[in-house]
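Okay, so here's the structure we're looking at.
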Amino acid sequence: MELGLGGLSTLSHCPWPRQQPALWPTLAALALLSSVAEASLGSAPRSPAPREGPPPVLASPAGHLPGGRTARWCSGRARRPPPQPSRPAPPPPAPPSALPRGGRAARAGGPGSRARAAGARGCRLRSQLVPVRALGLGHRSDELVRFRFCSGSCRRARSPHDLSLASLLGAGALRPPPGSRPVSQPCCRPTRYEAVSFMDVNSTWRTVDRLSATACGCLG
């Protein structure tokens, strides 16, 4: 088919579509931005995943456990039990009732007490430390010696003669010689003696026989 001139002129005047710009630079820029974003997100610290395991066991409160044991804290010290309320002190015992005069007199004058009193007042051997210079024997010494002597009453050892003599003197029926008075009871005197030794100021040993008593008795 042949085209006329008019057709050519029509084709020559139809506008041709213009060439679109290339999209490759834009796509490349977008890819670069996405890679940078992924890199920044990958470098951020991640919290470690929690480990799976048995739950922690909580310490039981301190206190008394079955069997008399006591729970302990982590420090190893046992918790003291709460203080118990103090109990009131028991009342003091009631004082014994007062004894009548007769009972007290009977108790005070019992045979045991009378025997002890008589033994304390009776003739017996006694002992005491004394200085040698005080013996009156003329020895010069700075030492102390054990001096034993007899002392006490002998009223329970009086004979019928002693009892009669005391009665006559008390009634005035017996006139003793002037300047003297008879003794109406025995005397507590030593019955045995022992020697005593000591050192004088010249470092010389001295011994005195029959100086200290070893036994006593009522004589006379």
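Cβ coordinates are placed from backbone N, Cα and C, and glycine is handled just like the others.
Per Swiss-Prot, the features are as follows:
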SIGNAL    1-39  signal peptide
REGION    41-121  region 'Disordered'
COMPBIAS  47-58  compositional bias 'Pro residues'
COMPBIAS  81-98  compositional bias 'Pro residues'
COMPBIAS  99-121  compositional bias 'Low complexity'
DISULFID  CYS123-CYS188  disulfide bond
DISULFID  CYS150-CYS216  disulfide bond
DISULFID  CYS154-CYS218  disulfide bond
CARBOHYD  ASN202  N-linked glycosylation site
Rounded to an integer, what is the Cα-Cα distance in Å between CYS123 (disulfide bond) and CYS154 (disulfide bond)? 6
So CYS216 (disulfide bond), by the Cβ count within 10 Å over all chains shown, scores 22
The residue listed as 'N-linked glycosylation site': which of the disulfide-bonded residues CYS150, CYS188, CYS216, CYS218 is the nearest Cα neighbour? CYS150
Looking only at C-alpha atoms, tell me how far CYS150 (disulfide bond) is from CYS218 (disulfide bond), rounded to the nearest Å. 10
Measuring Cα to Cα, how many Å separate CYS154 (disulfide bond) from CYS188 (disulfide bond)? 6
If one measures from the C-alpha of CYS218 (disulfide bond) to the C-alpha of CYS188 (disulfide bond), what distance in angstrom results, rounded to a whole number? 5
Which state, by DSSP, holds CYS216 (disulfide bond): helix, strand or coil? strand
CYS154 (disulfide bond), number of other Cβ atoms within 10 Å: 19
